[in-house]
Amino acid sequence: MTQKDQSPRVGFVSLGCPKALVDSEQIITQLRAEGYAISGTYDGADLVVVNTCGFIDEAVQESLDAIGEALTENGKVIVTGCLGAKKDAAGHDIVSSVHPKVLAVTGPHALGEVMQAVHTHLPKPHDPFTDLVPAAGIKLTPKHYAYLKISEGCNHRCSFCIIPSMRGDLVSRPVAEVMLEAENLFKAGVKELLVISQDTSAYGVDVKYRTGFWNGRPLKTRMTELVAALGELAAQYGAWVRLHYVYPYPHVDEIIPLMNGGHVLPYLDVPLQHAHPDVLKRMKRPANAEKTLDRIRAWREVCPDLTIRSTFIAGFPGETEAEFETLLDFIAEAELDRVGCFAYSPVEGATANDLPGALPDEVREERRARFMEVAEEVSARRLQRKVGQTLRVLIDEVNQDGGIGRSSADAPEIDGLVYIAPPAKPSQRYRAGDFVQVKITGADGHDLWGEI
């Protein structure tokens, strides 16, 4: 039996958002660096790590179910992630209360604690194959795109959210460390870098925007300077940079010219949540929808190709029909390209639970459906304008029906797709990770169709 065959094997289940996915990638990278093998099955693993989500009730249940399945199928389970930091009404750890047989429980962003638990229950091999770990680390995404997490935690105290209680206040990564990871990812063949955090706009606030150094030159720990540097680096590799979770602080205006100049994709993911000032105040969010509309108009004047994505909550406690109508009017006037809407769901530990005026489930869901009806009309109208245009598309998948890819307006998993007809000539063949020029021939409310 070879040393590789004898390596202790760890199974891994990763749930939740892209930030949690990055945590999973870091844990798996460290496991491989220490010589552990990763098992794709429960019965092939010596123990299983489950990285959980705990933001909303559905995510909590999904995580608890996944832990239960891992215990049933394997029996040795270490739990990490946001659910690991949640307590029940009595102050007890939720995971251990429901699944007392788990070996260990940690919160999110806890690489050291997870590895300590793994070492305790599955000692590491003496001669790890550190040369098997690429400089870019091990990624759980397709080879052609990757998430780059620039900070951890959040300084906001939105009434509907418990992320700060699970992930803590904002902690920005050193700017040189971020740039080095980005460079390693591009060198590894990544064609699209998705910048994520809980609050991308606040990058560097915690360190007072101190100046770091990258390639011998000063570089401020601040979103604008980081985005410009990432854009310059991406250009050397012909790659994309996409920004997510950008709170609409005033200095966000500074990155729009960078988008228009081609340094980063003209794509802005801005979580607005609502449009009525009273609802926004109850949410403890910035409360000036008129100013937001003015800024959106100004952004589009500077960058006409800008795609704006946002998320909203319908049926927040105390939301009146008039307040909801204000939200619908805002969506129609703002003409946001991509939106998601959630019917409000109470989150244990959130201060919004104490607000008066909780709405019945059916009202919340009915408002969500009405919201999406308006939003999809806007999306269909804006997508129809792209028919006849030629767009640069990144191929995600190739099958017998042709290709499936995404334009600059589409982030993976949350936005639309571009369906591409099979190539008419051998010279037009493409594969996953290729950029191709696609003439758009059709559109619906979410996706595009085209041909090379």
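Note: Cβ is positioned from N, Cα and C throughout, glycine not excepted.
Now, the feature entries from Swiss-Prot:
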- CYS17, CYS53, CYS82: [4Fe-4S] cluster 1 binding site (BINDING)
- CYS154, CYS158, CYS161: [4Fe-4S] cluster 2 binding site (BINDING)
- 8-123: domain 'MTTase N-terminal' (DOMAIN)
- 140-381: domain 'Radical SAM core' (DOMAIN)
- 384-452: domain 'TRAM' (DOMAIN)
Average model confidence [pLDDT] within the domain 'TRAM' (384-452): 90
Near-site residues: [4Fe-4S] cluster 2, ref CYS154, CYS158, CYS161, CB cutoff 8 A to centroid: HIS156, ARG157, PHE160, ILE162, ILE163, PRO164, GLN198
Separation of alpha carbons, CYS161 ([4Fe-4S] cluster 2 binding site) and CYS82 ([4Fe-4S] cluster 1 binding site) (Å): 12
Helix, strand and coil residues within the domain 'MTTase N-terminal' (8-123) as assigned by DSSP: 53 helix, 24 strand, 39 coil
Extra residues within 8 Å (Cβ to Cβ centroid of CYS17, CYS53, CYS82), [4Fe-4S] cluster 1: LEU15, GLY16, LYS19, ALA20, THR52, GLY54, PHE55, ALA59, GLY81, LEU83, PRO108
DSSP helix/strand/coil residue counts for the domain 'TRAM' (384-452): 4 helix, 31 strand, 34 coil
C-alpha spacing of CYS53 ([4Fe-4S] cluster 1 binding site) relative to CYS158 ([4Fe-4S] cluster 2 binding site), in angstrom: 18
Length of the line joining the Cα atoms of CYS161 ([4Fe-4S] cluster 2 binding site) and CYS53 ([4Fe-4S] cluster 1 binding site), in Å: 13
Cβ neighbours of CYS161 ([4Fe-4S] cluster 2 binding site) where a neighbour is any other Cβ within 10 Å: 22
Residues satisfying Cβ distance under 8 Å from CYS154 ([4Fe-4S] cluster 2 binding site), sequence separation of at least 6: CYS161, ILE163, PRO164, ARG167, ASP169, LEU170, GLN198, ASP199, ALA202
